[in-house]
Amino acid sequence: MAAESGKIDPMHQFEVTPLGGGFNLGGQEVLFTNSALWMVVAAITLGLFMWGGMRRQLVPGRWQVAVEGFTGFISSMMMANIGTEGRKYTPYVFSLFMFILFCNLLGMLPLGVLGLHPFTVTSHIAITGVLALISFAIVLVVGFWRHGLHFFSLFVPHGTPLPMIPIIAPIEFVSFMVRPFSLGLRLFVAMTAGHVLLKVLSGFVINGFNAETLWLGSIVSVLSFTLMIGISALELLVAGIQAYVFALLTSLYINDAVNLH
């Protein structure tokens with residue numbers, strides 16, 4: 001938490017800071033940062049979660065039920081959006097969904113009381129943008145692999161009158177090209193906004209108790225803390241919803257490449 005003259009900077013939590021020595025790669029210094037650390041933590045946590053749930057038991061435990069619930073949820077979504085062809089892409093979309101979900105949830109851990117500062121990886125457009133570009137690249141590869149140049153027919157909706165094609169095709173093309181930007185931006189904005197609001201409210205709590213008029217400051221602090229509890233619960237919901245929306249839109253984009261709707 002950054003504090004200057006008693007003020008709390010709500011944007012300090014998003015700063016990427018180096019944690020140790022790096023190495024030189026092609027003239028550029030590569031550093032291990034707090035962002036990289038929490039991506040590693042998310043990957044390890046996710047791996048342990050999946051490993052624990054994949055141990056088959058005659059009577060499934062809660063851990064196994066949770067893992068099977070997630071896999072069944074994504075598998076059903078892929079089948080509903082793409083059909084039987086969706087099974088090929090389920091591992092990718094499932095990995096994407098779980099990674100985003102774990103990154104979102106890890107960023108919500110109240111570790112500040114222990115002197116640790118969790119970093120929300122998905123609060124950076126560089127990370128969400130790369131995830132979106134990977135999904136977009138898969139859509140392009142699948143589209144051209146399956147349909148060749150006929151993939152360009154995606155930009156001319158079925159039944160479009162011939163005179164309207166010069167107008168509709170560019171609009172559809174631009175709409176298609178902005179998909180990775182909107183996909184990455186949506187997740188970035190949603191996660192950043194909630195964390196900024198929580199940090200601002202935490203500043204109200206601290207400064208309220210340090211106010212000269214203690215009774216008034218205490219009221220502000222209590223109200224702010226109550227709001228923090230409610231918004232934290234909402235942020236947990238947003239963490240799951242945003243992971244789902246990212247996975248859902250990815251599956252819909254893949255469906256366009258597979259079925260050329």
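Quick reminder: no glycine exception, Cβ is built from N, Cα and C everywhere.
Quick look at what Swiss-Prot lists:
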TRANSMEM  30-50  transmembrane segment
TRANSMEM  63-83  transmembrane segment
TRANSMEM  96-116  transmembrane segment
TRANSMEM  125-145  transmembrane segment
TRANSMEM  151-171  transmembrane segment
TRANSMEM  187-207  transmembrane segment
TRANSMEM  214-234  transmembrane segment
TRANSMEM  235-255  transmembrane segment
Recorded stretches the transmembrane segment (63-83) and the transmembrane segment (214-234) touching, at least 3 CB pairs under 8 Å:
no
Would the transmembrane segment (214-234) count as touching the transmembrane segment (125-145), i.e. at least 3 C-beta pairs under 8 angstroms with sequence separation of 6+?
no
Of the listed stretches 30-50, 151-171, 187-207, 235-255, which one has the most C-beta pairs under 8 A with the transmembrane segment (96-116)?
235-255
State the residues, same chain only, that lie 6 or more residues beyond the ends of the transmembrane segment (30-50) and have a CB under 8 A from a CB inside it; answer 'none' if no residue qualifies.
16-24, 63, 66-67, 98-99, 102-103, 106-107, 117-121, 124, 127
